């Protein structure tokens, strides 16, 4: 910590019961791209959370929009740190190229994120609460047009809000999962592997209906054969095989899923434990072989799965493992990941970036 930076957490906020609803913060960051200049402007901090956008902007009409998800944590010393932000910058650029948005250079992306977080450090929850500051970079085509033409103006913004873990009790007790069978999330050679809103809007109703039926998560199979596991609606899929001398972490190599930074981090930690890691097609028939299953993502971090139901076949797999046991693979992996994110152990992999005063 330096003098007056970062600011301590605000008083009067119930940091232990934040939920995931927006809370008014100090402001956000904006940058603009114009084909006239062919470059992004420098980050500007804006206090008004609302954006003046033309109703005919392609970002509103044609889905020419991308986003990211990141988190900032307060470490034991009171400093604020980001987890692998360079990887978010690279994924943001890949998403931009898919929908004809000028990629935001990595250095500009990181400066914009640093400014957005640095101007809101009083909203970073206290260390040890389990809460964090969620960071939402997003970009969209903003110039008005009704034709399918390349846009001439674009907006890049970074919003932040303090949050609790996404799935609440399921994070500790285990999530119940429903396989979605009447909707394909993504097609081969489509947009499933980038973070565009069009991948998420169509599943909102499915997620809501599943929750009404008592399910915490929804799982998608591949659209070609409906026999392979792709990912959960909002997070990556991780399975654990315990039929050898050491555990084997199994993740999908599908080209229809988002390249998950959390999944990649879990795989790296597993290798550090001298466990095996397999990245390959995952048959749905394998869910009964797994000793443990997790949903992994920025918002959820790592959520243990208690059961998976596929109604069309009557398959209902229940995992009897005690996830809270310190000997479970879940406990070892989730503890190792959280300890790094929250600054409890040395950063041997250079995954952590401290937020500096803007």
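Cβ from N, Cα, C; glycine included.
As recorded in Swiss-Prot:
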type	residues	note
BINDING	91, 231	pyridoxal 5'-phosphate binding site
ACT_SITE	195	active site, proton acceptor
MOD_RES	195	N6-(pyridoxal phosphate)lysine
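When the Cα atoms are compared, the residue listed as 'active site, proton acceptor' and residue 91 (pyridoxal 5'-phosphate binding site) turn out to be 8 Å apart. Listed in sequence order, 185, 219, 220, 237, 252, 254, 257, 258, 260 are the same-chain residues six or more apart from residue 231 (pyridoxal 5'-phosphate binding site) with CB atoms under 8 A from its CB. Looking only at the recorded positions 91, 195, the densest Cβ neighbourhood within 10 Å occurs at 195. According to its DSSP assignment, residue 231 (pyridoxal 5'-phosphate binding site) is in a strand. Secondary structure at residue 91 (pyridoxal 5'-phosphate binding site), as computed by DSSP, is helix.
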